[in-house]
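Chemist: From TrEMBL, for reference:
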- 28-51: transmembrane segment (TRANSMEM)
- 44-295: domain 'G-protein coupled receptors family 1 profile' (DOMAIN)
- 63-85: transmembrane segment (TRANSMEM)
- 105-123: transmembrane segment (TRANSMEM)
- 143-165: transmembrane segment (TRANSMEM)
- 200-224: transmembrane segment (TRANSMEM)
- 236-256: transmembrane segment (TRANSMEM)
- 276-297: transmembrane segment (TRANSMEM)
Amino acid sequence: MSDSNTTNFTNPSTFILLGIPGLEAAHVWISIPFCTMYAIAILGNFTILFIVKTEQSLHGPMYYFLCMLAVTDLVLSTSTMPKMLSIFWFNSREIDFSACLTQMYFIHCFSAMESGIFVALALDRYVAICDPLRHSTILTNSVVAKIGLAVLLRSGILTLPYPFLVRRWPYCRTNIIPHSYCDHIAVVKLACADTRISSYYGLFVVFSVIGLDVPFITVSYIQILRAIFSLPTKDARLKTFGTCGSHLCCILSFYIPEFFSSLVHRFGHKVPLPVLVLIANMYLLLPPLLHPIIYGVRTKQIWDRLLQLFTRKGT
């Protein structure tokens with residue numbers, strides 16, 4: 001592959017992922033925190049799924065949405081980390097062209113899906129706090145399933161053009177991707193054609209997802225906070241705010257890195273490439289790591305059930 005910079009081709013059979021350009025000598029050391037974060041994310045999200053499945057009292061809308069979030073986090077992190085670790089440990093940089101497009105689709109599809117699940121969680125908290133008497137009649141199991149299906153279809157359809165647009169571009173300069181996974185913009189930049197349609201569509205998806213979801217979540221939580229502060233006792237306010245606090249922490253841990261990564265990757269031309277790639281990696285690693293920790297610690301029902309499991313094992 002030494003001549004991959006100069007070889008002319010229009011349909012490369014493989015791409016070359018560089019990992020974190022400029023930090024190749026430190027790849028083994030970088031893999032240690034990455035692998036640790038991935039292992040904690042896998043363990044934490046499977047624990048959430050196990051606890052909700054085995055505890056009958058947790059079979060409710062909020063916990064079903066948490067299970068959807070856990071599955072999304074598992075797919076999102078697993079679609080990137082195994083290949084990333086193989087680059088860091090074994091210098092296995094080649095990725096098949098079709099596999100690259102598949103990875104790209106899964107990353108962007110499940111990122112959009114995660115945003116939709118946060119909207120569903122905001123809706124659940126809004127109904128539970130602002131209209132608690134109708135919560136069980138509004139958010140039935142059937143409605144929860146329809147919301148989950150709508151989130152899945154929206155994400156799948158919105159991101160479906162990504163691989164098809166990328167496949168139609170000619171790649172006549174290089175097949176080297178200066179990244180640790182097949183990010184949409186990183187691949188599009190390799191094409192030797194006018195790729196504005198891909199760039200514009202990428203921005204359209206970002207602002208369609210964030211531009212619709214964030215205002216809805218913001219309005220929901222403004223109403224929720226107003227309802228919380230109107231509660232009669234301080235204990236009731238603290239208890240209700242504690243439940244919503246975990247949701248807000250997870251929402252911020254997802255949207256802030258995603259929004260920052262998207263803008264910096266498109267407009268941060270003066271930002272060093274290793275910093276760009278590290279930010280993009282953190283955007284995919286941090287939310288799956290933090291979500292089960294935040295929900296496990298701050299959601300009393302999950303925390304109590306988790307303590308019961310460890311207490312039984314200890315006994």
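Any Cβ shown, glycine's included, is placed from N, Cα and C.
Since we're looking at a predicted model, the values are computed, not measured.
Surface or core, plus neighbours and distances: that's what I need for these features.
Modeler: When Cβ-Cβ distances below 8 Å are used as the criterion, the transmembrane segment (28-51) is approached by residues 20, 58, 66-67, 70-71, 73-74, 77-78, 81, 84-85, 88-89, 281, 285-286, 288-289, 291-293, 295-296, 302, 305-306, 309 of the same chain, each at least six residues removed from its ends.
For the domain 'G-protein coupled receptors family 1 profile' (44-295), the mean pLDDT of the prediction comes to 86.
Here the transmembrane segment (63-85) has long-range neighbours at 17, 19, 31, 34-35, 38, 41-42, 45-46, 48-49, 52-53, 92, 95, 103, 106-107, 110-111, 113-114, 117-118, 120-121, 124, 141, 144, 148, 151, 180-181, 250, 281, 284-285, 287-288, 291-292, 295, 301, meaning same-chain residues at least 6 beyond its ends whose C-beta is under 8 angstroms from one of its own.
Counting only same-chain residues 6+ beyond the ends of the transmembrane segment (143-165), those with a CB under 8 A from a CB of the stretch are 61, 64-65, 68, 101-102, 104-105, 108-110, 112-113, 116-117, 119-120, 123, 184, 188, 197-198, 201-202, 205, 208-209.
Long-range contacts of the transmembrane segment (200-224) within the same chain: residues 108, 112, 115-116, 118-119, 122-123, 125-126, 129-130, 158-159, 161-162, 165, 184-185, 188, 244, 248, 251, 255, 258-259, 262, 266, each at least 6 residues beyond the stretch ends and with a Cβ under 8 Å from a Cβ of the stretch.
Beyond the ends of the transmembrane segment (276-297), by six or more residues, the same chain brings 20-21, 34, 37-38, 40-41, 44-45, 47-48, 66, 69-70, 73-74, 76-77, 80-81, 84, 107, 114, 178-181, 183, 246, 249-250, 253-254, 257-258, 260-261, 264-265, 268, 303, 306 to within a C-beta distance below 8 angstroms of the stretch.
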